[in-house]
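Q: Here you go, one structure.
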């Protein structure tokens, strides 16, 4: 007989451990996307998504440039290069967009694993999904999933210039969707 659900709460509790004291200062600092063209990606992440460029690293020996972006106030960013680098590397959750020089016309630059079932997406919490969608429409941002489509109503997926998916959601609305989904699962189990 095949398994019809994910892990049980008991299995999860057994598998997950309290963080070790040695890891208490660990943070999720960055994740990296390979990009084809920074002339397309940088405006998307700064103008469309409202991120700020924190740091740029040229890596001539590898013919690459890494752009680190995130959310933060300009007044918080140190002007001194060394201090700015340390500050940026201490920020929670930045995105590193890595451009391999000359890749602008190469369609094989990234493998976002969307079709292979690997990498899925990043998620951004916004105060108002409808207002965000109105902004995306005005900026001609392509959608992967509209708020009215699929099982998760009110959640949107947009695509960046390299085809990476970005989930757009409101925390309160998503929590309500999760609660409704859990009620449906409980009801289905009760009906069985």
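Glycine is treated like the rest: Cβ placed from N, Cα and C.
These came from TrEMBL, pasted as-is:
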{"type": "DOMAIN", "residues": "27-171", "note": "domain 'VOC'"}
{"type": "BINDING", "residues": "30, 96, 121, 167", "note": "Zn(2+) binding site"}
{"type": "ACT_SITE", "residues": "167", "note": "active site, proton donor/acceptor"}
Q: Restricting to the domain 'VOC' (27-171), what is the model's mean pLDDT?
A: 87
Q: Per DSSP, what is the residue count of the domain 'VOC' (27-171) in each of helix, strand and coil?
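A: Final tally across the stretch: 38 helix, 45 strand, 62 coil.
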Q: Run through the Cβ atoms and count how many others sit within 10 Å of the one on residue 167 (Zn(2+) binding site).
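A: A 10 Å sphere around the Cβ of residue 167 (Zn(2+) binding site) contains 18 other Cβ atoms.
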Q: Does anything in the same chain, at least 6 positions from residue 121 (Zn(2+) binding site), have a Cβ under 8 Å from its Cβ, and if so what?
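A: Looking at Cβ-Cβ distances below 8 Å from residue 121 (Zn(2+) binding site), excluding near sequence neighbours, one finds 157, 164, 165, 166, 167.
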Q: For residue 96 (Zn(2+) binding site), which residues in the same chain are close in space, meaning a Cβ under 8 Å from its Cβ, but six or more apart along the sequence?
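A: Sequence-distant Cβ neighbours: 30, 31, 32, 33, 66, 67, 68.
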